[in-house]
């Protein structure tokens with residue numbers, strides 16, 4: 001962990017000034033799970049009546065805390081809730097001991113915070129395959145609780161970091177029926193680092209009043225066009241978790257409000273982009289927009305094949321407008337394509353049209369676009385109306401350094 | 001092209017001494033398609049009655065020569081045949097001009113070699129999206145024909161190279177019903193290099209007499225467990241082609257002979273391994289054997305997810321026995337798995353068992369295995385009897401250097 005000290009060149013200028021969300025309080029504490037000299041446990045306590053929605057990794061080898069959260073999400077409750085996150089150990093691939101650790105932590109939080117255990121959600125991120133020394137976590141929960149404060153969300157963002165080069169936060173204030181509600185979220189994730197899983201963890205809070213089912217539907221749908229549309233290296237963590245909590249403290253019902261939905265989307269997209277911008281070794285932020293595919297699902301297959309292609313990603317790192325590699329990625333994606341109808345743009349520069357190099361192609365203009373920090377690749381498959389946009393970063397020596405050069 | 005001068009550390013000690021295959025002659029010539037100072041056209045002429053089988057890329061953006069070969073393969077003929085390969089330009093994503101180039105080249109070879117055009121097979125490998133200057137090829141075919149010689153197969157292996165760091169050949173001699181038949185093959189391929197596609201091209205010749213349909217069945221089945229089980233970087237060329245020609249000159253019918261089939265498998269596997277060993281930046285040759293999956297197809301999904309994971313590949317480059325990344329790859333493969341039944345070995349060292357670190361795990365022993373040039377990863381999914389083995393290489397700074405550091 002100590003090896004990575006340089007902040008990503010794509011990082012935002014600083015951590016945003018997040019609004020206080022009524023109905024939620026945060027505490028952080030150093031439990032020494034693995035890291036020394038920093039906080040590694042985050043406790044968020046939520047007011048009674050908070051609606052909680054979640055989206056989790058689809059990995060078949062999901063970690064114990066994820067499996068536990070999945071059994072609890074969606075249950076309606078008038079009671080409060082808590083989220084407990086530790087960094088330093090992912091409690092993944094830990095067999096029966098993993099379940100015991102989740103049980104011990106959630107039981108302890110439930111007791112200390114006077115909540116039913118079914119309302120305690122926990123995530124772990126860090127090394128995998130090592131038993132989580134859960135006593136280090138449970139032994140600090142009482143102390144953590146005493147430090148709960150509505151103003152501590154920035155500290156929370158820092159306590160959940162593992163290989164991140166910067167803390168990630170985003171917020172929105174939105175007018176719902178003449179009244180203001182707020183949304184504030186934090187995230188961690190950047191790829192992976194030996195031997196840690198760079199799990200993506202995201203926690204978003206709002207004081208809006210949102211029906212449980214409406215919140216889950218909103219979050220599930222939006223995750224599909226934000227967090228499920230980003231990729232750093234095609235590798236999927238065993239622990240990815242997104243939890244959205246609506247405390248309702250504002251008294252403003254936003255269950256069917258489109259402005260609220262848009263604002264939530266904005267926060268989710270902002271955090272998703274921040275994860276890509278902290279991608280291991282990233283020097284370019286890349287948007288890949290595919291249109292004209294047979295279906296939206298086909299468009300996403302094409303877009304993800306491009307985004308995950310090592311040859312496309314290295315070409316971008318090399319500032320090379322190598323559209324041949326885009327054609328290759330489309331060809332291998334498994335989705336329908338017609339070579340002779342493809343068009344490809346880098347930024348505003350049309351590089352290929354109707355299956356061949358564009359007559360207006362200017363290598364100089366294309367190369368100029370590739371020199372920027374933000375790369376836009378637009379592909380029109382030319383056979384239908386399916387569309388999808390995904391976001392990724394380039395593949396550089398930095399990725400190899402982080403993942404191969406240091407032994408665990 | 002001139003940038004890569006260092007031969008892969010995994011290269012064989014030298015090009016093998018390939019036997020002369022009666023019924024096939026080779027010629028090579030410098031046409032100056034792109035490269036200067038080297039041969040870039042290979043012509044192979046096959047005796048009348050030669051049976052020809054082929055397997056081609058499944059890319060949806062296949063190059064013109066591939067599409068042309070696919071229409072011709074499988075037609076029975078008593079006439080001779082020819083294979084014409086150029087390096088330096090892939091004639092891929094070249095629209096109508098690509099078809100015209102194939103038409104011009106095959107017509108010219110047919111005329112010069114007195115063959116029906118339907119018996120002329122052509123492949124192109126090199127830069128994509130540039131029109132193939134086919135006149136450079138057609139203008140040398142007459143000269144090439146005059147140089148045809150049964151002993152020229154090693155020269156043929158060199159003429160088809162693009163980014164390969166060494167020429168690739170393999171052979172076998174097999175006893176069929178008391179008589180000897182020979183097999184000799186050549187291949188090219190190593191990954192990709194800006195802006196060239198590192199198409200894999202393979203040509204195998206035998207003097208055995210093999211029924212056309214039997215040959216195609218044999219080649220298709222074996223390609224599925226050799227060339228379709230290797231991966232360097234998960235990226236699929238638009239031009240991959242494998243052609244196997246049985247001249248029948250030995251008069252020995254091997255259509256149903258299992259020893260012949262085994263020998264052909266040996267040659268195909270040898271060439272496939274040589275392609276992996278020339279993988280861009282490769283420093284380790286990696287075998288991934290998956291057993292105990294629900295089906296063979298699921299086993300291959302797991303094996304390929306491991307083989308293509310950038311995090312697994314960088315861990316291998318870093319000599320890190322990072323089994324957590326193997327678990328991650330299995331989890332994301334899309335095939336069925338049960339976390340708590342997984343077992344994983346690096347070489348003979350059991351690192352994980354029943355979903356957790358093996359009780360006998362020795363970091364020291366596992367690390368010792370990872371230091372070798374040949375890495376073996378064995379995974380038992382523990383839920384069925386499906387099995388698959390695939391081969392790959394590691395992901396190193398060399399790959400980034402080759403694909404990102406040099407502008408086209």
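From the backbone N, Cα and C atoms, a Cβ is placed for every residue, glycine too.
On a predicted model such as this, the values are computed, not experimentally measured, just so you know.
As annotated by TrEMBL, active site, nucleophile applies to B:199. Positions annotated as substrate binding site by TrEMBL: B:162, B:188, B:199, B:280, B:403, B:408.
Structure with TrEMBL features highlighted.
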residue : record                 : DSSP (3 states)
B:162   : substrate binding site : coil
B:188   : substrate binding site : strand
B:280   : substrate binding site : coil
B:403   : substrate binding site : helix
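Applying an under-8 Å Cβ distance to chain A, the binding-site residues B:162, B:188, B:280, B:403 reduce to B:403. Ranking the binding-site residues B:162, B:403 by other CB atoms within 10 A of the CB puts B:162 at the bottom. A 10 Å cutoff on Cβ-Cβ distances gives residue B:188 (substrate binding site) a total of 29 other Cβ atoms nearby, all chains included.
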